[in-house]
Amino acid sequence: MTDNLEQKALITIFGGTGDLANRKLYPSLYHLFSKGYLKKNFAVIGTARREWSNDFFRDKVKESIQDIATSSAEADEFASHFYYQSHDVTNKESYVSLKTLSDSLDQKYDLAGNRIFYLAMAPNFFGIIASRIKSEGFVDTKGFHRLIIEKPFGHDLESAKELNDSLREAFHEDEIYRIDHYLGKEMIQNISVIRFANSIIESLWNNRYIDNIQVTLSETLGVEDRGRYYDESGALRDMVQNHILQIVSLLAMEPPIKLSTKEIRHEKVRALRSLRVYEGEEVLKNFIRGQYSAGHAFGKELKGYREEDNVNPESNTETFVAAKLLIDNFRWTGVPFYIRTGKRLAGKATQIAIRFKDVPMNLFSGDMAALGGNVLVIHIQPNEGITLHLNVKKPGQGMETMPVNLNYAHSSPDGMNTPEAYEKLILDCLRGDATYFSHWDEVSLSWNFIDHVADVWKGTDTHFPNYKPGTMGPDEADELLTKDGFSWFKVHEEE
Ligand code: BG6
């Protein structure tokens, strides 16, 4: 490992005692440490309201990496870079002691004034933290200053704008790293390579050859302990506004003139600008929502959404969304992008299916339907890889056809929502590469699109709950495609 891999920085994590920090951030930082990206010149400050000592905090950090640490000596060495500061984000005084600690660590570890501020806590405090970071002089050092901010980035366009304005008081757009952890996933980053490094793919990547594109993000979990947040959010804001629209923009964008952050973002923004914004009746025709009922699935009795903790017993919040999106430009006019996501579905999987048009006529025995269409499937998780579905001759006499799959799979490091996505994103931020973070222009276009849907839904009745756990959502989600003559490409065997 050469020395120039090493990144120097002070990383201050607001929400340092939280679930995200323990499950994702500390393991990711440890991976960066064990690979030599973080070595001697780094320090991490964890802040939260609780009164913890450095030793107690370091024990927690070590606990969070116990399954991945190669030796206890290495875990000790890693944890020795961690410091804890009890902090009340609304209290000005708190920032004074935090700043003193920051400056001393800067000296002690020779950090060149490089600072990353990671906001891993309730979004209502994002604005105040950013403005104190500015007013108390945290960003007056010589090095770089970057803000990593977790979702949700607002709950509609207006609140997102407000939040953005408050962040912009302290940070420039190019210093703000808005996390969308899907953008850190290996196979999401692979979309551009699959498209732009393969002439046989990119030359077919348009409305002359593609029939429809399907994006499925399905989960088996319910809302778990996040009822309070989720009941205000719902699947539309929780998954579609960010992860799904980001994936759609990567699938739909034009080839960038080069692989720079600026050029890629420019093309993603153009794709999002071409997304047809639905109004009134169009929303009801093209967007389907669902909510899970109680039921038996995965070998146990499960509560309905309305019975979950911290959820309104009469809640009309959607736990499932399916939709038909249209992109009005030369490349995509006429090609529906079907999307779906939901909780308590038949399996945990994220998959993109690109269905190519049928051949003009079937020269072989049977009708057209017997000849399976060509489909390119990009498996995001839990499996990672691509499958191309083709037709070949059945061995033996005659000219009967049969489907075959060309498979490329590489094993996913350790299942879903791995720290690896965070690891990549934190390293990108340390290096100043914002390609796989959401730019404000993308966020605002996405919110504008989502707000139109949410407004229409707010004013119309629902018939919730309308799907059972362990299924793939309400029947209307299937009808959305059958009325166009299509069907969902299976994600799970049970489907
Ligand atoms: C988060 C959502 O952004 O993504 C969660 O808030 C969801 O509700 C999660 O469960 C899914 O992420 P992954 O990586 O497990 O597919």
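For all residues, glycine too, the Cβ spot is worked out from N, Cα and C.
Pulled from TrEMBL, these are the features on record:
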- H243: active site, proton acceptor (ACT_SITE)
- R49, D88, V89, K151: NADP(+) binding site (BINDING)
- H181, K185, E219, D238, K343, K348: substrate binding site (BINDING)
- 13-190: domain 'Glucose-6-phosphate dehydrogenase NAD-binding' (DOMAIN)
- 193-488: domain 'Glucose-6-phosphate dehydrogenase C-terminal' (DOMAIN)
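Positions of TrEMBL features highlighted on the structure.
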| residue | record | Cβ contacts under 8 Å, 6 or more apart |
| --- | --- | --- |
| R49 | NADP(+) binding site | S86, H87, D88 |
| V89 | NADP(+) binding site | F14, M121, F125, I128, I129, R132 |
| K185 | substrate binding site | T350, I380, Q381, A421 |
| E219 | substrate binding site | T341, G342, K343, R344, L345, K348 |
| D238 | substrate binding site | P152, Y230 |
| H243 | active site, proton acceptor | D180, Y182, L217, T341 |
Of V89, K185, D238, K343, K348, binding-site residues neighbouring ligand 1, Cβ under 6 A: D238
Distance, K151 (NADP(+) binding site) to H181 (substrate binding site) (CA atoms, angstrom): 9
For the binding-site residues K151, K343, the one whose C-beta sees the most other C-beta atoms within 10 angstroms: K343
Most crowded position, judged by CB atoms within 10 A, among H181, K348 as binding-site residues: H181
Site extent for substrate, whole Å (max Cα pair distance, H181, K185, E219, D238, K343, K348): 20
Protein Cβ atoms within 10 Å of D88 (NADP(+) binding site), excluding its own: 12
The domain 'Glucose-6-phosphate dehydrogenase C-terminal' (193-488) [mean pLDDT, rounded to integer]: 94
